[in-house]
Amino acid sequence: MTTLESLDMPEMTEVEDDTVDIHIDNSKVALLFSKSKVFVHPTSKMKDNISGYLSLSKSKALGNSSVAGSDILLSWVPDSFLKNRPRDLSVFQNAETLSNGSIREWVEIPQHLDYSFSVRLCSIYSIIFRPPRYGWNYGSIVINLRDSGESLPPLFFHDDECISTIEYGKQITRDRFDPFDESGNMFWGGTHLLMQLKKYASLEQSSHESQLYLVNPSPEDTVAFQSVELQKVISNNRLNSSSTPPTPRSSSSIFNPFRRALHDLSFTVLERFSRVTNYGKSEVDRLMEHKVTKSILPHLPRELQVLLESKRVQKLTEEYDPARMFLARWAEGIVEQSESNNSQPVNNAGVWTDAQREEDSSLGPFELVYIEERVKRDDPLSVEQWNSMFNAHGKLQVDVHRVLGIIFHGGIQPSLRKEVWPFLLSVYPWDSTSEERRVIYLSLQEEYCTLKRKWYEDIHKQFNDRWFIEQRNRIEKDVHRTDRQHEYFQIEDLPHPDPQSTFTGTNMNMEMMKDILLTYNEYDTELGYVQGMSDLLAPIYVTFNDNALTFWGMVGLMKRLHFNFLRDQSGMHRQLDTLRLLIEFMDPELFAHLEKTDSSNLFCFFRMLLIYFKREFDWEVLLKLWDVLFTNYLSYDYHIFVAYAIAERHREVLLNQTSAFDEVLKYFNELSGKLALEPTLICAEQCFYQFKNKLALIDRKQMEETNSDEDGSKETDLPTIAPYLRNLLKTSQPQYTPSGKQE
Amino acid sequence: MAGKKKHLLKVIILGESGVGKTSIMNQYVNRKFSKDYKATIGADFLTKEVLVDDKVVTLQLWDTAGQERFQSLGVAFYRGADCCVLVYDVNNSKSFETLDSWRDEFLIQASPSNPETFPFILLGNKVDVEEQKRMVSKSKALAFCQARGEIPYFETSAKEAINVQEAFETVAKLALENMDSDDIAADFTDPIHLDMESQKTSCYC
C-alpha cells in the first residue's frame, strides 16, 4: 500500500489567540496518499486561490500505539513551495499516481508558510465533507480539531484539474462502485480522501448532519454527540465574549467566521429540533412561518420532516441548496472583508435563514442573506476581574479591547463603575499607572477649581453679564427638575442661596450640580449649557461623587455628544438621518410604515438620541446601558443600533396599531421606563451583525458585478450605501465639520 | 393626519423654558400638579375630550421644549394647529420678552392659512408665587395682548389650579372656530410631507 517517502512534516501546535503556528518536527514520514489541486480560497477571488497537495503520511517518530491515529498525519502544502524543489514535487506526484513505489527521498517543509498544515488524525475531531453542488463548483472539506475546537481553512477540491480524481473517478464508474449511492452524490475528491481515511481511522457519519464525519470517535463522542456539540458551541461562544478579541494575525484565524457559522448551524438544528418536538401541531405551524425555521428544515431528522411534510415545507426544502451556497459565499465575503479592513472577524457569525429572497423594496431586487445572530449577554465586569487586570504599578496588563469586550457584553458591577468610567470617559488613559493617574487627578482637580473660580470670583459677570445670568437661571431651573426622585436630589435641606429665587429650598448635591454646569457653560464656549445636559450630568455626578472628576467626566461625555447640542441642530439631524437610513436599509417594511404615518422624520427618537436614552430607562439600567455605549466596542455610534433595536422590538405594534405621526410619537414616548435593557441589547447586537453582513454582501456583489461588467454597460440593482451608514461600522468618532457635514 | 381628524383640535403650547407649560397641561388634563416634572425634551401631547357648544371635541395639547435652541424642531408638529397657547412666567420678565419670538416662529413654521386671524391665547403663569417676586404686571400683559389683535389673556397657577380650566375652555372655543373656518384650506395641505422631503434630501449629502 505504501510509497515510502520520508518527509519532514510540520507539526501544528496551538498558541494563544486562535492562531496556529507550524513547527518542524524532525521525524521522518512516509507518504500514504497524495492529491493534487486541492485549493485554499483565501478570498472569493479566483486569482487568490492557492493550489496545493493534500496528503496522508505515516510517521515513525510520532507513533504512540495506544492512541488510534497518532502516527498518521493529514497535511497540506502549497504548490508554490514545491515549485523550486522539483525533487520534492516528484515525490508528491509519484505518490499521487503510483499505486506502488518505494522511493526514499527527503523533502523540506517550510518553517512557517501560510495555510500549510499537518495534523495527526487523533487530533481531528470531525471533518465536514461538502460535495460539489449546482452553482457551486467545488466540493470542499472543513477539518475540525479535537481539543481546541479550531477549524482549519476549508480545502477545495478542483476535481476537473486533479489527475487522481479524474482517473479514480473513471475507474469507479467502470467498476460501478459508488460510495455515495444512497445520497446520489457523484464521485469527487472528497470521496477519494474519505475512502483513504477510512483505511487509517474509524469514521462515523453524524446522524444529524450527513456531511459530518466524526474521526475515531470514542463511544462517549458518539452517544453524546448532540450534547457535545451544544456545549462546544456554547463554550466557544463564552470564550469569544471574554477572550482577547481577535485581529486576524494568522492565516487560519480569518476562517473563524466560517467555522463558527458551521458550528452554529448544527447548534440551531439541534436546538430547533428539540424545541419543535416540544410544541403542539399548531405551534409547529406557527414556527414554520418563522424565517429561522424555514431555513433549517432540511436539517431536521427525517422523522420530523415526515411529520411536517406539506407543499410549503417541500418547497422550502428545495430552496435550501441555494441558501447554503449563500452561507458559504457570505462567510467568505466576511473573510475577505476582515482582510481588507483588517478588522476583527465576526464572533457570532450566524445561523442562516431564508433562502434567496427577492426583496421588494426601494433597495431593488437582490438576493438577500438573512443571518440570525446568536448573541449572548454576560456577567458584568467584577471587582476581582478588574483588579486582576492591573499589574503592581496599577497599569493595565491586558489588551484594552478585551476589557471593552467584557464591559460591552455585560456592563460593570455598580460598585466598580466609579473606577472604570474615568477610563471610558477619557479622563485617564488606559495605559497609565496608578501613580500617573494620581498626578492626572491632582492636576484636573486644580484645573477644575481654576475654571470655577473664574466665574465664581467675577462679581461683574455675576451681576451684569446677561448671557451668564440667563444661563444661570436656565441651569437653576433644570437642576431643580433633574432626577429629583433620586436620593441625592430628593430632600431640600438647605435654604436657597438667592432669596429672590422662586425656589425656596435646595441641597448640597443640587448646588454642586449647578456649579459644575455653570463651569461647563463657561468652559464650552461654543455650546454653553443646553437643556438636556443636566440629565447627562446627574448619572456621572452620582457615580463619581467627586466634583472635579464629575466635571471632567462630563467633558468626556460631551466630546461624544457635542453634536447633539449644536445651535442649528445639524448633529441631531445627522443622527436621525443615519437612523432613518438604517431602518430603510434593514427593514423596508417598517420604513414604509413610518413614511405612511408621516413619522419618517423620526422625531419620535429625538429624546432618546439627544440625551442618550436617559429618560427611557430607569437609573440603574441606564448606567448599564451607558457602560455598553461608552466602550465603542462594535461601533462608535452604537446608540443608533440601540434605537433601531427599540423600533424593531416594537415593530409589530407600530405596523399594526399606529396610523399617524401623533400615535407613533406617543407610542415611543410611553415606552419610557418600560423598556427591558437586556433583550434590547441582544437585539441591537444582532442588528449590528446583520447590518454588517448585509453591507459586506452588497459590497461583494457590487465588486463581482463590476468585475464581470467590463464595459460598464449593465445597470446595477444593488442599493447605494450612504456614507452615514458606513460610518456606523467605525469604532472611533467619525470626522464631521462643525456644521455636522462629513469631511 | 391628526390635525385633520374630525373634531380633533390641535393646540400647541409654547413659551420659555421653565414657565410651566407641562404643569399647566397636566393640571388641565389630569387635574393634578407635581413639582417633579422634568424639562421637556422633544415633544409630547395629552388629549382631553371636552364639550364645546354641544359638540364633543378632542383637544390634543402639544407640550414642547422651551429652549430656543430646539425651536426649529417645531416643524414636525406645529403644522395643522388650530390654536396656539403662549405661556410666560409672571415672575420672569425674560419669559415675557421672548413671547413675540415664539409667536413669530410659530407663524413661520406652522404657516397657517390665516396668519392675521390665527387664534393665540396668552397665559401668565405662577401667580401663586408671593407678590414681591412678580416682575410682569397684569397691565403690561394686557397691553401686549391688545397690540396683537385682542389675544385673550389669563393669569394662571398650575400649582394652585387657578384659571386653568377657564383658560382652556377658551382655547377649545377658539380652536373649534378656527377649524371650522380653516377646514377647506386644511384639506388641501399635507405639510408634514413637505417637511419630510426637505429632510430626505439633506440626508444624502
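Positions of Cβ are set from backbone N, Cα and C atoms, glycine also.
Per Swiss-Prot, the range carrying the annotation motif 'Effector region' out of B:37-45, B:46-54, B:172-180 is B:37-45. DSSP assigns B:Ala158 (GTP binding site) to coil in the three-state reduction, outside any helix or strand. Using a cut-off of under 8 A between C-beta atoms, the binding-site residues B:Ser17, B:Gly20, B:Ser23, B:Lys38, B:Val127, B:Ala158 that neighbour chain A are B:Ser17, B:Lys38. Cβ neighbours within 10 Å of B:Lys38 (GTP binding site), excluding its own Cβ and spanning all shown chains: 15.
Its own atom aside, the Cβ of B:Ser17 (GTP binding site) has 21 Cβ atoms within 10 angstroms in the protein chains shown. In the three-state DSSP scheme, B:Ser17 (GTP binding site) is classed as coil. Cβ neighbour density within 10 Å is lowest for B:Ser23 among the binding-site residues B:Gly20, B:Ser23, B:Gly66, B:Ala158.
A helical conformation is recorded for B:Ser23 (GTP binding site) in the three-state DSSP classification. Counted over every protein chain shown, other Cβ atoms within 10 Å are most numerous around B:Val127 among the binding-site residues B:Lys35, B:Val127.
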